[in-house]
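S.K.: So Swiss-Prot lists the following for this protein:
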DISULFID  CYS3-CYS17  disulfide bond
DISULFID  CYS5-CYS12  disulfide bond
DISULFID  CYS81-CYS112  disulfide bond
DISULFID  CYS97-CYS107  disulfide bond
DISULFID  CYS134-CYS135  disulfide bond
CARBOHYD  ASN62  N-linked glycosylation site
CARBOHYD  ASN85  N-linked glycosylation site
CARBOHYD  ASN98  N-linked glycosylation site
LIPID     SER9  O-palmitoleoyl serine
Amino acid sequence: QECKCHGVSGSCTLKTCWVTLPHFREVGYALKDKYEQAVMVEAVRGRRHVVPTFLKLKIPQNNSKPAETDLVYVDRSPNFCEKDNATGSIGTYGRFCNRTSTQADSCELLCCGRGYKTFQYTRTGQCHCKFHWCC
């Protein structure tokens, strides 16, 4: 919730408050935490029901049903490191990576623990520069 005061010289004779969403980064961190703690479930059908009546944990822990706040999944995610024609994933083998990056192009993420070779290269080309005499 955020509030703003209205009044002469900053006095708070009238206060307006409204509900706001959390910052985008906070939402991202919360979703990532949920993703890392997601649980695999399977659908359970009632005796005469075609539609599943509830979900239960695939690997039971203390209780057999996931909490309402749990992030759940039915199928495991494919391994995007390896080529998989069934899912259309081309894998990451042979991709260029950035050794110093911490983003999606980092060698740590793209190489999937296989290691990587480093090399340097020089690129020459037109810079389309212009010289302007100013003084």
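Cβ coordinates come from backbone N, Cα and C, glycine included.
On this model, are these features tucked inside or out on the surface, and what's nearby?
M.R.: Reduced to three states, the DSSP call for CYS3 (disulfide bond) is strand.
Under DSSP, CYS12 (disulfide bond) is assigned to coil, being neither helix nor strand in the three-state scheme.
Mapped onto three states, the DSSP output places CYS112 (disulfide bond) in coil.
Taking all protein chains in view, 16 other C-beta atoms sit within 10 angstroms of the C-beta of CYS97 (disulfide bond). Mapped onto three states, the DSSP output places CYS97 (disulfide bond) in coil.
DSSP assigns CYS134 (disulfide bond) to coil in the three-state reduction, outside any helix or strand.
Its Cβ placed at the centre, ASN85 (N-linked glycosylation site) has 7 other Cβ atoms within 10 Å.
Neighbour list (ASN98 (N-linked glycosylation site), Cβ cut-off 8 Å, at least 6 residues apart, same chain): ASP105, SER106, CYS107.
Within 10 Å of the C-beta of SER9 (O-palmitoleoyl serine) there are 4 other C-beta atoms, taking all protein chains into account.
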S.K.: Near the Cβ of CYS107 (disulfide bond), how many other Cβ atoms are there if near means within 10 Å?
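M.R.: Within a 10 Å radius of the Cβ of CYS107 (disulfide bond) lie 19 other Cβ atoms.
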S.K.: Taking Cα-Cα distance, which of the recorded positions CYS17, CYS81, ASN85, CYS97, CYS112 are within 10 Å of CYS5 (disulfide bond)?
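M.R.: Within 10 Å Cα-Cα: CYS17.
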